[in-house]
Structure formats: structure tokens, C-alpha cells
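What follows is a short report on a single structure.
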Amino acid sequence: MEDEVVRFAKKMDKMVQKKNAAGALDLLKELKNIPMTLELLQSTRIGMSVNAIRKQSTDEEVTSLAKSLIKSWKKLLDGPSTEKDLDEKKKEPAITSQNSPEAREESTSSGNVSNRKDETNARDTYVSSFPRAPSTSDSVRLKCREMLAAALRTGDDYIAIGADEEELGSQIEEAIYQEIRNTDMKYKNRVRSRISNLKDAKNPNLRKNVLCGNIPPDLFARMTAEEMASDELKEMRKNLTKEAIREHQMAKTGGTQTDLFTCGKCKKKNCTYTQVQTRSADEPMTTFVVCNECGNRWKFC
């Protein structure tokens, strides 16, 4: 059963990526006949795939059936709150056609009641960790929420992770607004920098960490450019800082004046050099050269 649902999910994800929902209606009809459980929903992420099809499709029959499926699956997350509710749920199939959608929903619901509490606690961390962002009617804020959600859709990671990119975009915007309390230039620059970093093709890990909740929305809203940078850029900055410190130390300690080196810029031979052990002890020392005429610097091993 799980393999079949996973196969449906993969087909729908490909449809979304190719922006071609042909055949989606047949898949949705087959899904409707599968007795869904909370465990199956969580393990296959089929809900995210169906929701993505719903958003993209212009076919009213497809969107209507997708909405119906999502609505029925959401009932699995709620569960009856009392024993009385449970008894009522068990009695309802007796007065309902056995093959009707309602009967299948109730059958699935009653079959999973005993494990509901444990399964509810085991829901995806992302869904339960953060409260939903308050709604707003401010056109600037709404536009920023849309752009943040679009940035989170970069690379389609949100489909594989199963994140609600629209809600997450709203939470990030809400955190930014709560800190700045205005939609002025500071607010817009903050939003713009988040969007730029989320779309950065060289820094996909940042987007994935935000989508899966490793970086909470309120923390992401406050992160500096240095904190959002890719690991590669952080390493480059670290090396540049080390080299700047080394060159500063060289300038303070001086060096040995020589005419053995020719400056690549001014072609003069009035230079000062310093040798520093930058690698392991058995490796050659690095020679740093400064042209005393034009200030050009270079190094070699």
C-alpha cells in the first residue's frame, strides 16, 4: 500500500515540476479509493503532493477532488476528543452506504483511534513547532510574504521536505515586521536579503535548513549576512582574515630587502620579502614579497 502511494506522489511531483498536470485526475481518483492512515500520510508526504497539484492545476475537477481529499485526510490529524465521539464514530457506518466516501473515512478514522495520541505527538516537527502567522491586509506585507514563499520554492526542496512554504514565508515576514514595526526601507532591505539568500544556488543548505525547521523563522528573520553565507563563503572569509592578519604582522615585523624579485606591475626590483611557515613543518615555507616602489604584493611557495 505504501509503495503505491509513494508512486502516486512521485508522479504528481513530476507533474508539478514539468508544469503539466495531465493525468492528475486519474491519480486522484485512485487515491480516493485507498484507505488512508495518519502513518501513511506522514511516511509518504502524499498530502504535500496533492496540495501542489491543487495549486497548479486550472482544471476545476482536479482542484475540487484534491481539496476533498485533503479535507478528509485532515480529519485523521484531529481525531475524536471524547469517548462519546468515538462511540458515535463507530455507529455511523451502520447507517451509511458501505462503499461511500463517508463510510471509508469513518472506517479509517475508527481503525486508528487507539494510536491517535501517540501519532499526533509524532507529527512532523515543523507543523507543530510554530504557531500560524497572523493574517494581514497590508498590501506591502502581503507582497513580501508572497516573495518569501516563492524564494522557498526554489529548487522544489519544499516538496521533498513536505513544508508549507506559504505559511513559512508568512512566519518569516511576521518575525521581521514584529522586530522593525514598520514597512520602511529597513524592513524591505531585510526581506530582500532573506529572499536573495534563499534563492542562492550556491547555498542550498540554508534554504533546506529553513524549510525543515532547523533554522526557525524568527531566527532566520534576524540572521546577518555572515550567518546566512554558504560554508564555502565562510571558509573563504576565514582564510582572507587569516591572510590579512599575517600581512599585518609582516608589515609590523618588516622583512629582508632584496633585488632578487621583479615586480609584476612596475618591473622594478626594489622589494622586501618575508618567509612564513603557513603549512606543516615538512612543507616549503611561503614567501611573501612587497614591492617598495608601487606597493604590489605577491606570494609563492
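Cβ coordinates come from backbone N, Cα and C, glycine included.
Look at Swiss-Prot and you will find 140-256 tagged as domain 'TFIIS central'. The annotation N-acetylmethionine is assigned in Swiss-Prot to M1. The annotation phosphoserine is assigned in Swiss-Prot to S57, S81, S97, S100 on the grounds of a large-scale study or a structure entry. According to Swiss-Prot, the region 'Disordered' annotation covers 80-137. Per Swiss-Prot, the feature zinc finger maps to 259-299.
Sequence-distant neighbours of M1 (N-acetylmethionine) (same chain, 6+ apart, CB under 8 A from its CB) are I34, L40. A sphere of 10 angstroms centred on the C-beta of S57 (phosphoserine) encloses 21 other C-beta atoms. Note on the zinc finger (259-299): mean pLDDT across this stretch is 86. Summarised by DSSP class, the composition of the domain 'TFIIS central' (140-256) is 93 helix, 1 strand, 23 coil. Helix first, then strand, then coil: DSSP counts for the zinc finger (259-299) stand at 0 helix, 15 strand, 26 coil. Under DSSP, S57 (phosphoserine) is assigned to coil, being neither helix nor strand in the three-state scheme.
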